[in-house]
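*Asks:* I have a structure here, written as structure tokens, and I will follow up with some questions on it.
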Amino acid sequence: MDRIIEKLDHGWWIVSHEQKLWLPRGELPYGEATNFDLVGQRALLIGEWEGEPVWLVLQHRRHDMGSVRQVIDQDVGLFQLAGRGVQLAEFYRSHKFCGYCGHPMYPSKTEWAMLCSHCRERYYPQIAPCIIVAIRRADSILLAQHTRHRNGVHTVLAGFVEVGETLEQAVAREVMEESGIKVKNLRYVTSQPWPFPQSLMTAFMAEYDSGEIVIDPKELLEAGWYRYDDLPLLPPPGTVARRLIEDTVAMCRAEYE
């Protein structure tokens, strides 16, 4: 699936190492390979964006290595491809040796996988399923400031799905653990790949059922009910969290205006 980059190759270049992304001038590099000193490197074709190929190069650059979060404000499709590249780069870096027998592994030529040269075990990139849920109570939405968001951003609740747990059970558990309330009328909305580090966000909307807000201080700085027309600082557009909030606001406007 990979090949040597030639002079005439062009497109979008995802140059990644250790979950970092090369962002010269703060942007994903686009153009001919010669412009970015990539000729002769090995590249993996991981997709297409606006008719142009998207290449993954497993390489560290001395300067301008940043987080994929820095391209979150770009088009959602391009952000997702950048996230795919970072996740694949980390997968290949962390699977050089077989976890069963310890022998070297090599990449598959037909799919995104690593194969053991000794016991023939096959490894695929792991994806961690997560839930994210917007909870509505009349004309208000539950928003929280997470301990990892020290910039004042308030968002909806989210968390990882545990082993042996359904998505619906994960929603109920995470909401109770983080906020102390119960929800009802759960409805699936959409999903979004989320490369922090290798998640798949499954998005839901729910209605408040019962309970008073009691936050988990290990997870949240604060949480509260916010009227739909008086909201705090929100996650950026293009994120599934923002989509859930905007959908909830639209429902409130339709009912209360």
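Every residue, even glycine, has its Cβ placed from backbone N, Cα and C.
Quantities reported herein were computed from a predicted structural model and do not represent experimental measurements.
Here's the feature list from Swiss-Prot:
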BINDING   R69, E111, Y124, Q192, P193, W194, P195, F196, P197, Q198, S199, A241  substrate binding site
BINDING   C98, C101, C116, C119  Zn(2+) binding site
DOMAIN    125-248  domain 'Nudix hydrolase'
BINDING   A158, E178, E219  divalent metal cation 1 binding site
MOTIF     159-180  motif 'Nudix box'
BINDING   E174, E178, E219  divalent metal cation 3 binding site
BINDING   E174  divalent metal cation 2 binding site
*Asks:* Is it possible to list how many residues within the motif 'Nudix box' (159-180) are helical, extended or coil according to DSSP?
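*Replies:* Computed counts for the motif 'Nudix box' (159-180) are 13 helix, 2 strand, 7 coil.
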*Asks:* Near C116 (Zn(2+) binding site), which residues of its own chain have a C-beta under 8 A away, given they sit six or more steps off in sequence?
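*Replies:* The list for C116 (Zn(2+) binding site) reads C98, Y100, C101, H103, M105, R122, Y123, given in order along the sequence.
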*Asks:* Going by C-alpha distance, which of the binding-site residues E174, E178, E219 is nearest to C119 (Zn(2+) binding site)?
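*Replies:* Its closest listed neighbour, by Cα, is E174.
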*Asks:* Consider the binding-site residues A158, E174, E178, E219 and say which one has the Cα lying nearest the Cα of P195 (substrate binding site).
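*Replies:* Result for P195 (substrate binding site): the nearest of the binding-site residues is A158.
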*Asks:* Most Cβ neighbours within 10 Å: which of the binding-site residues C98, C119, Y124 is it?
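*Replies:* It comes out as C98.
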*Asks:* Using a 10 Å radius around its CB, how many other CB atoms surround S199 (substrate binding site)?
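*Replies:* The Cβ of S199 (substrate binding site) has 20 Cβ neighbours within 10 Å.
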